[in-house]
Amino acid sequence: MVFDWFKRFGKKEKKEEEPLLEPAPPEASAPQTESSATPEAQVEPDYMRWARIAQEKLNTEVAQQATADEAISDWQRVLYGTSSPPAPSVPAPAPPPPVVEPAAPPPPPVEEPPAATAAFDWQRVLYGTPAPPAPPVEEAPVAEAPPPPPVPAIEEAPPVLESVAAVPPAVAEAPPAPELPAVAEAPVEPPPIPESPPVAEPPVAIVPVEAPSAFEGPVTAAEPAIQSTVEVERAEAEPIEELPAPAAESPPQAVEPESVAEPPAPVTKTVSESSLQPPAPVEPPVQSEEALPPEAPRSPAFDWRRFLPGYRAAPSAPAQPDPDTPPVSEPVNPVPEPPVAQTPPPPAEPPAAEPLEEEPTRAPAFDWRRFLAGNRSTPAAEPPEPVAPPAPQPQPQPQFQLDAGFLWSAEVLAAQGRRPEDVTVEEITWLQKLRFGLGRTRRSLVNNLKAVVGRGPIGAAELEELEALLLQADVGLTVSDRILSALQERVRREALSADQVLPFLKSQLRRQLELEADDPAQFAPRRGRLNVWLIVGVNGVGKTTTIGKIAALAVRSGYKTLIAAGDTFRAAAVEQLTIWGERAGVMVVANPSPKADPAAVVYDAIGAARSRGAELLLVDTAGRLQNKKNLMDELAKVRRIIDKQAADAHVEALLVLDATTGQNGLQQARVFREVAGLTGVIITKLDGSAKAGITLAIVDELQLPIRFIGVGEKVDDLRPFNSFEFIEALLSDIDDG
Ligand SMILES: Nc1nc2c(ncn2[C@@H]2O[C@H](COP(=O)(O)OP(=O)(O)OP(=O)(O)O)[C@@H](O)[C@H]2O)c(=O)[nH]1
């Protein structure tokens, strides 16, 4: 759906002196809402109806977009009109309801996921997948099976990837705990993969990008890293944990050392089903009772290996030693007898002496909770709790609520004669942005204005105070005087109530922004022919950014657009512009050679625009101080090239002014007007200024219309200027907090 923002230039709202947003009579006020709390926010009876229709229309629009799998969050499509690749990870949302994508769905049965997925699922295991089919929770040793807190799995995914990349160093840093020799060595063996990069090979700058290969390659590439990570964690955890009481009595087990040293190969395949089980109901697999001597049941230690990627629990019935995972299947035994008192079976093979002594502290030591975000403590004994079912998914909220902000936006549109059926999501969204962006000026202006106006009849003292406030907002002396003279005249004719003064001031302010001679419709780029917009201004006011935003807006509005990178002075400008162009899907004509002649670039760009049938050519120029003659001469040359090469085009020269520079911008404007033949102004950074009143001074002093305003750095933070909306936003009495 294309929304033509430039059509807004076609509407010249000639408002009468009567304010459009007069407060409604008390009996007419609509159902009580937030906005009806104050007299001025009361709405006319049919206005609420208007707002409801608009809300319904917009929410339907949003829902339709969501169901079409083109959610509004798809910024590429919404902002640029381009289609982005289908998002595979977004589950098709249920029927109509909107936006919010459902929370994590119940994990499907896992079957041999690819490496990267395995890594992710491994995390999910720790964060709350359904209970494993294995042993009952009651039988689990209490101290080892705390319930995993409900941590969002997605947020934890990055750490996994990071840890993968950091495995080798982590291994190296693992404290060589004397009691864990085998553990410390084990991880060292597998890492051949990350180590392998040809460090000594030719200076290929991409060499360090070894890590990604672990993800894209076969499963075996990624898993060892994860495996190693776990090993490291284990090594860190072991000395910290304490064994259950019998640990000291337990005869040494040959099992654990082997398991620690077990080769990573089997582990690296995929995340097995068992490994995807949540850790909470930890339980040794019920399996090898027969194979194990009943008198030597191993302590029902938490079998942390189950969480290792690729680890598969041995089948329960026959205790066949799995050649791949010998140590795992042997030792386990969940005999229902008092878990703590049980002792592990005698080692099947003569274990190495050293690790055996440490064995007791190792088996239950792996604290999987360490993987949980923010969990630093390891409570000794927490009662096992069943894994909490996933929290009920929040009901999708409508995109637009009938809150004060929405009502204000709808009211502003309605007051301009818009029909609720025609209102668009973008317009409502922009009005919210605009009001929010002007917050700094508004906060310092509105309350004071209201305080003065609400005091009673407007006299000389009040007029003086009002003038001070307007000057403080950088409205300028001339404009202030003009506005207050009109107010004085009006008050002289008739007594204005406090509620009437503010609307009157609004109408006067709005008038100052509208030039008699200006016809906005003439500014809108013509379709089917070339329009050239030359963008000029001093350094850092936001020219390049503004061009990027306008390009996106133009594409969104259905114009074939091209950009000329005429700022050859600042090298990064071309790069910056290229990025904006890529985002908007707009070609950028640039000359990469340093100190290229900007006039030549513009010449080429005009040719390219013609050959491609572009309708709008945006020309960036280098920032320059207005007192640098050579640079200003260069700009004049660019303008001449445009006039000559695009004589049939509709040309606009737009000065970008930074609102935070206040009255200084006026001096800049005067010089640029002579050199570039200015036809309009774009004001940026209104969001960073408490003096948005400069907008009025600019129009008055330069007699140039404002064409766009910017209230932020993002692509959709710039829109065509609308005096009515601007003043309403500036003097809105809604508090944004
Ligand atoms: N807050 C805010 N920042 C803005 C706005 N417009 C632009 N900026 C920021 O202003 C800074 C300068 O923007 P540029 O586009 O590089 O300015 P420029 O005029 O091209 O700079 P030169 O090429 O040096 O002349 C960037 O950080 C922009 O993100 C705006 O409306 N609001």
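Using the three backbone atoms N, Cα and C, a Cβ is placed for every residue, glycine included.
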From the ranges 181-204, 421-444, grab the one TrEMBL calls region 'Disordered'. 181-204
Return the residue, from the listed binding-site residues Gly537, Gly540, with the maximum count of other C-beta atoms within 10 angstroms of its C-beta. Gly537
Please report, as numbers and ranges, the same-chain residues at least 6 past the borders of the domain 'SRP54-type proteins GTP-binding' (705-718) whose CB is under 8 Å from any CB of it. 9, 75, 79, 426, 429-430, 433-434, 436-438, 513, 515, 518, 520, 523, 542, 545-546, 548-550, 552-553, 583-584, 652, 654, 680-687, 695, 698-699, 726
Here are some binding-site residues: Lys543, Thr621, Arg624, Leu686. Which one has the most Cβ atoms within 10 Å of its Cβ? Thr621
Taking Gly540, Lys543, Thr621, Arg624 as the binding-site residues, the residues having C-beta under 6 A from ligand 1 are Gly540, Lys543
Helix, strand, coil residue numbers for the domain 'SRP54-type proteins GTP-binding' (705-718) per DSSP? 0 helix, 6 strand, 8 coil
The average per-residue pLDDT within the domain 'SRP54-type proteins GTP-binding' (705-718) comes out at 94
